[in-house]
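Below: the structure, in structure tokens.
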Amino acid sequence: MAATSEGPLFAASIEKTWGSVVRSPEGTPQKVRELIDEGIVPEEGGTEPKDTAATFQSVDGSPQAEQSPLESTSKEAFFHRVETFSSLKWAGKPPELSPLICAKYGWVTVECDMLKCSSCQAFLCASLQPTFDFGRYKERCAELKKSLCSAHEKFCFWPDSPSPDRFGMLPLGEPAVLISEFLDRFQSLCHLDLQLPSLRPEDLKTMCLTEDAVSALLHLLEDELDFHADDRKTTSKLGSDVQVQATACVLSLCGWACSSLEPTQLSLITCYQCMRKVGLWGFQQIESSMTDLEASFGLTSSPIPGVEGRPEHFPLVPESPRRMMTRSQDATVSPGSEQSEKSPGPIVSRTRSWESSSPVDRPELEAASPTTRSRPVTRSMGTGDSAGVEVPSSPLRRTKRARLCSSSSSDTSPRSFFDPTSQHRDWCPWVNITLVKETKENGETEVDACTPAEPGWKAVLTILLAHKRSNQPAETDSMSLSEKSRKVFRIFRQWESSSSS
């Protein structure tokens, strides 16, 4: 009876509050929802009513509840989700479960093989059990691909409005966008200057990058820079070194860009499709390759007469300012300290280091380094009888120090060359063929027969060269630019010969 009496009282109160507006039975449910929303909204700190989708997102506790309609259409948010798929958390997955597809439906990685929706906070375990049954493996992959849509909560918007497919593809149907992005990457890479990695001519031959192709790309970049009057000061500063231009051109063609233009930041390059970051200090750089190249072309030192008339061969390898400073500091250090920094054994402070030398060598040692007696000297790794061999003033020790300087001056020689294609992740559109095929099947781009079985960077190269040929002006500066390209490739070949020798 109490329940039946509350109904008329509630209806009467609503009618008293809203008057003739509530008398329509069609408007009553909507007004009740508005009354309920007005009681819930102040808890979120607002005073205006919100729509139903925003209410569900706030109840779910998503920190981006108000931006949920824009999250699926935001390219920046899309690649933020892609960046969470690191190699440690997401490895060994087929192409249909690539991070680009998972991020398309709002998923991020929180643990190894564990996905989480960025909106409804639902979890999805995407582990693939090792099995020798290929049929079961394909079934599990198909199940996980279907779960990318079905594993969301009931009111989540991702299954109905995922991110556009074009976010995970290269804009092959928009040459203007390709050229603009190509130019931006090129300019950012030129800021690294001599810190750019050295490229191996064998890799360029494998990529079918000929001298004419690089020359045409450099000419295209030069033409595009002429259309940007505001960037002329920057381009005049960036266009001083041909080696830097050619290397930056090849890297930007393969999708690489400088991570940060701050001078204090580390030399990092990034692919903004697979979000891979590569530190250039692990590869041979242009600066070190140029010094090795100049050394291989006859810039070696003549023998310097050493102690007792023996010649000492100190390498005269062209050095960077930092190495020149290090070499000058090494020249002022006494032989005793040189011996201490070479030996891996424990250091023992001894004030009678001159006792191990012969009486004939003692005056020469004291004249060469008066402070050697107070320097710490390393203990020899053998018995005390071999102390005479480890004398700092002996010619043998000075020759070893020369070899140490030689190895330190060419410390980048064992570093590998940078391969602009193999450094991408295997699902990256720049090196992946599948996504380029999907571009044709979906009809979003109209690329004829240029990319039926080509990686993304090669499709971009074909489009850029076609655009350059279609807009080819009269023969003005093409010959001079072609000469620049041939000069750069001669330098590439010289680097290869110097590194192999």
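Every residue, even glycine, has its Cβ placed from backbone N, Cα and C.
The compositional bias 'Polar residues' annotation in Swiss-Prot covers 54-72 (among others).
Annotation comment: Swiss-Prot describes 326-338 (among others) as compositional bias 'Polar residues'.
Taken from Swiss-Prot, the feature compositional bias 'Polar residues' applies to 350-359 (among others).
Taken from Swiss-Prot, the feature compositional bias 'Polar residues' applies to 369-383 (among others).
Taken from Swiss-Prot, the feature compositional bias 'Low complexity' applies to 406-420.
The N-acetylalanine annotation in Swiss-Prot covers Ala2.
If you look up Swiss-Prot, you'll see Ser24 (among others) marked as phosphoserine, on the strength of similarity to another entry.
The phosphothreonine annotation in Swiss-Prot covers Thr28 (among others) and is backed by similarity to another entry.
As annotated by Swiss-Prot, phosphoserine applies to Ser62 (among others), with the evidence given as a large-scale study or a structure entry.
Per Swiss-Prot, the feature phosphoserine maps to Ser68 (among others); the stated evidence is a large-scale study or a structure entry.
Sequence-distant contacts of Thr84 (phosphothreonine), defined as residues of its own chain at least six apart whose C-beta falls under 8 angstroms from its C-beta, comprise Val108, Thr109, Val110. Annotation note: Thr84 (phosphothreonine) sits in a coil segment as assigned by DSSP. Taken from Swiss-Prot, the feature phosphothreonine applies to Thr84 (among others).
What Swiss-Prot lists as phosphoserine is Ser328 (among others), and the listing cites similarity to another entry.
Swiss-Prot lists Thr332 (among others) with the feature phosphothreonine, giving similarity to another entry as the kind of evidence.
Residues or ranges marked as phosphoserine in Swiss-Prot: Ser334 (among others).
What Swiss-Prot records for Ser337 (among others) is phosphoserine.
Marked as phosphoserine by Swiss-Prot on the basis of a large-scale study or a structure entry: Ser343 (among others).
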The predicted model's mean pLDDT over the zinc finger (102-156) is 91
